[in-house]
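First the structure, in the form of structure tokens, and then the observations on it.
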Amino acid sequence: MRTLILCFSLLFALLTQPAWAIFGNNAGNNTGTASFAPTQNRFVPVDEAFPFNAFQQGSTLFIDWQVKEGYYLYQDRISISGENLEIGEYSLTEGEPYHDEFFGDVKIYTTPLSVPLPLVAYQSGAKVIVQYQGCAKAGFCYPPETRVIDITPFNAESNRVIEPKTNTSTQTTLPQTDNAPTSAQDSLANKLAQNWWTPLLFLALGVGLAFTPCVLPMYPILTSIVLGGAQLTQRRALLLSVIYVQGMALTYTLLGLVVASAGLQFQAALQHPYVLMGLSVLFVALALSMFGLYSLQLPSGVQTWLNSLSNAQQGGSLPGVFAMGAISGLVCSPCTTAPLSGALLYVAQSGDLLTGAVALYALAIGMGIPLILVAVFGNKLLPKAGNWMERVKTLFGFVLLAAPIFLLERIVPEFWSSVLWSALGLAAFGWLYHVKNSLPFGGWKQSLIGIVAILGLLASAQPLLNHWLAPTQTAQQVKQIQFTRIANLSELQSALAEAKAQGKSVMLDFYADWCVACKEFEKYTFHAKQVENKLSGFVLLQADVTKNQPQDIELLKALNVLGLPTIEFWNAQGEPVPNARITGFMAEQPFLDHLTQQGL
């Protein structure tokens, strides 16, 4: 397969372009009055943006959200748990793909959502706790919202309420809605339609793994074992090889399901910075094994036992061949251990059972395609072994190195994320240019590889050159406006009193890690030199409400803050400036114009 390296080099050219992320969120209450800054809000309260309803029918609780036009809910921020109550399995309709510069790719809901929740075992005081978050498309995010629903006793077998009683929850009304839950087959179709690229990518990776030096030379031997050493018709050979591959695919699919299921239980932990750093180190270790620094494989004793178990099966028979394939899926060669581990880490991160099963099944099918071809058409279809197989293995190492950058760019500044992508691109395309003369083809194909490598080097070097050629701008971006953090209402009152004594105006910025537009303010507005000069005479305060703790909620209510970003202003006399509040992102010039209009 002489065009394989061509395909992978073009694929890598796409992979090494910086990937920017999404994810935002969330909801707060609007029950307080603006004791500090009675300002008109541009955005509606959370209960108007995402009207929430729930009603219980026997042993099923139906949870419904309406979504106002111009707003959306985040799928991965919807959490449902029980208190004194066992909840059965449930699923959310697959959300729409959405991309954001700062938080990556997530799924969102822009239309009504209904979740039928099966209730299994009731205890006195049973409650269902629902958490969710959402944003406005205009760049305004709500803090996390929590709803508590009291559950009446029920009979799970008869599906009828035994002792109806009035719902005492003060947080949630329970009117019935007309939203019908999405059927299982529709949900499955939506998942497959929205993640169509995942199986194709894993299929391509499987084919690529087949051409590594630990795998390709084994295909003729493996084919002989599968066919039982007999001369068979092409139809029989095709059937046996397909059955073998299906056995291997079954093992991979089960691995995908198990790992995705485990990942689903720890999705919050998998987003923690320390966990992301740990996973990044693991991916780097896997990549280094592909570069030949060391070998990763099962312990020799385990491999010997699995091989003997596989050899005990009867080649040429359908059950025996299927069993051989299933067992072979557990025997990872040094060339496949790292990529397979990386694939399993990917599906663990996704926490999606369907994605895990389909991705690993496609990977196994990709690895099995050459085996099927050899079984049916003979060894003449296989390319000659050579150093080019080591090149394929090394290429997988660079692909694995892209994974930790995807993970780390969620927690490192954009500048360092750009540096990491540039470094990876320079290393990969530099290696590709270095080895182009040793590839198993010449002529225009070799020239094309050289052109791709040079273009990749130039593209990878561009971000670094931009920083080096504009040192003033880079230094300006690294240096951020220094805010004084306040944690509660008392600290705000003290800071306002101190600023009044100094005769200085005050700007209070509400910030949260989940707020997309807050990061836009940091990157584009607060880094601007003119904005820095304008705010040099202000007392700059910042409240980090990421955790949405009681003191954060108290502060938000006191200032009638519905969501983020929100920026408040007080003049030098310590009085709130009418109509000065900023909700939603403002670029440099509109921000400066706004301050001027408000006399600040």
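Just so you know, glycine gets a Cβ as well, placed from its N, Cα and C.
What Swiss-Prot says about this protein:
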type: SIGNAL; residues: 1-21; note: signal peptide
type: TOPO_DOM; residues: 22-195; note: topological domain 'Periplasmic'
type: DISULFID; residues: Cys135-Cys141; note: disulfide bond
type: COMPBIAS; residues: 166-177; note: compositional bias 'Low complexity'
type: TRANSMEM; residues: 196-216; note: transmembrane segment
type: DISULFID; residues: Cys214-Cys335; note: disulfide bond
type: TOPO_DOM; residues: 217-238; note: topological domain 'Cytoplasmic'
type: TRANSMEM; residues: 239-259; note: transmembrane segment
type: TOPO_DOM; residues: 260-273; note: topological domain 'Periplasmic'
type: TRANSMEM; residues: 274-294; note: transmembrane segment
type: TOPO_DOM; residues: 295-314; note: topological domain 'Cytoplasmic'
type: TRANSMEM; residues: 315-335; note: transmembrane segment
type: TOPO_DOM; residues: 336-356; note: topological domain 'Periplasmic'
type: TRANSMEM; residues: 357-377; note: transmembrane segment
type: TOPO_DOM; residues: 378-391; note: topological domain 'Cytoplasmic'
type: TRANSMEM; residues: 392-412; note: transmembrane segment
type: TRANSMEM; residues: 415-435; note: transmembrane segment
type: TRANSMEM; residues: 439-459; note: transmembrane segment
type: DOMAIN; residues: 458-600; note: domain 'Thioredoxin'
type: TOPO_DOM; residues: 460-600; note: topological domain 'Periplasmic'
type: DISULFID; residues: Cys515-Cys518; note: disulfide bond
Item checked: Position of peak Cβ density within 10 Å, selected from the disulfide-bonded residues Cys135, Cys518 -> Cys135
Next item on the list: On the DSSP side of things, how many residues of the domain 'Thioredoxin' (458-600) fall into helix, strand and coil, could you say?
Entry: 72 helix, 23 strand, 48 coil
Note to self: According to DSSP, collapsed to three classes, what secondary structure does Cys141 (disulfide bond) have?
What the structure shows: strand
Notebook entry, point to check: By a simple count of other Cβ atoms within 10 Å, which of Cys141, Cys515, the disulfide-bonded residues in the record, is least packed?
Noted result: Cys141
Item checked: Inter-residue C-alpha distance, Cys135 (disulfide bond) and Cys515 (disulfide bond) (nearest angstrom) -> 9
Notebook entry, point to check: Whole-number Å distance between the CA of Cys515 (disulfide bond) and the CA of Cys141 (disulfide bond)?
Noted result: 6
Notebook entry, point to check: Using Cα coordinates, what distance in whole Å links Cys141 (disulfide bond) and Cys518 (disulfide bond)?
Noted result: 9
Next item on the list: Could you pull the average pLDDT for the topological domain 'Periplasmic' (336-356)?
Entry: 67
